[in-house]
Amino acid sequence: MTVDAVRVELGARAYEVRIGPGLIARAGAEIAPLLRRPKVAILTDETVAGLHLDPFRQALAEAGIASSALALPAGEATKGWPQFARAVEWLLEEKVERRDVVVALGGGVIGDLAGFAAAVLRRGVRFVQVPTTLLAQVDSSVGGKTGINTAQGKNLVGAFHQPSLVLADIGVLETLPPRDFRAGYGEVVKYGLLGDADFYEWLEEAGPRLAADAEARQRAVRRSVEMKAEIVARDETEEGDRALLNLGHTFCHALEKATGYSGRLLHGEGVAIGCALAFELSQRLGLCAQEAPSRLRAHLRAMGMKVDLRDIPGDLPSAEALLALMAQDKKVVDGKLRFILARGIGQAFVADDVPGDVVRTLLEDALAQR
């Protein structure tokens, strides 16, 4: 299999997302052209370090690149002030200079945190994303959104800071636990839902074999990245079209906050549930036929994924409390909730005027089924 390259066109800050097998083994040769001195600082997590850090550092060493690494605890709880401060202090102790490169080796948590650290360190150093989860490869590693969570909500502190290169090694996805792979699929299916009905139709057929079929997996990652790159190139800082990428996320972020950013609900699982709720909301508002949310739920069920609020273990707050959590979402404009709704599969759009009582009733009905 060959390596695919998708270019994110952002003028002088354009970069490539390289997708294919064996990219970690070739990481030194891939990263070397970016370096002004043969040294990088790697931020990773303890789980990824045990699987991929040694091969990655060996690949760098073979290209004559020295490296140091800090492994943070794995999990969403790491994406907050304490570990962020620890990472920045460590980068300063490592004497990372403005012309150097920081490497984010891991999933979305590490990519977001390391990218934000790179954005603020010495007012901005370059960084390379080496995403090791399906979710990070198709979504969080591309587009320059970086940040951390706070007590008030998810991703409320951060910066737009584009990577200089993304290396998406699809081979490492074979080491993912099945639940993590399925969670990442929540972001893959989102792309078909928001703007490519043909891709969604292909996923209905190919989705169940992605974990075992490297060629299908690479196609799914490539098409997802192509769609994100196109949208980011048009709207880097989310003033317009880029908001479409938040399909399912208004519900998702509230549910993640309600479950304490814990193992009860992974981000991609929340996205899948959020997409199902967004399509159900669209149907209730008369925007799409009932067939669309029913078809989506059937596909997610066939993939073994969480689909409804009843699939989340443990207690959940009331519909009113979930609405209050949504009001903290960073997509709120002039105090109004923004939802990504759909007129059908592949036909998403941004809506600023969704009646709160319709959302409340939707949530009440979903909670009543638990």
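Don't overthink the numbers, they just go from 1 along the chain as shown.
Cβ coordinates are placed from backbone N, Cα and C, and glycine is handled just like the others.
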Inset, instruction - Taking Swiss-Prot at its word that H249, H267 bind Zn(2+), choose the one of E97, E174, E187, E364 listed for that site. - result: E187
Inset, instruction - Using C-alpha positions only, work out which of the binding-site residues E187, H249, H267 is nearest to D112 (NAD(+) binding site). - result: H267
Legend entry - Neighbours of E187, H249, H267 excl. site residues, C-beta within 8 Å of centre, Zn(2+): L135, D139, G186, K190, G248, C252, G268, G270, V271, G274
Legend entry - Which same-chain residues, if any, lie at least 6 apart from G108 (NAD(+) binding site) yet have Cβ under 8 Å of it: P131, T133, L135, A136, D139, S140, S141, H267
Legend entry - For K154 (NAD(+) binding site): intrachain residues, at least 6 apart, with Cβ closer than 8 Å: H253, E256, K257, Y261
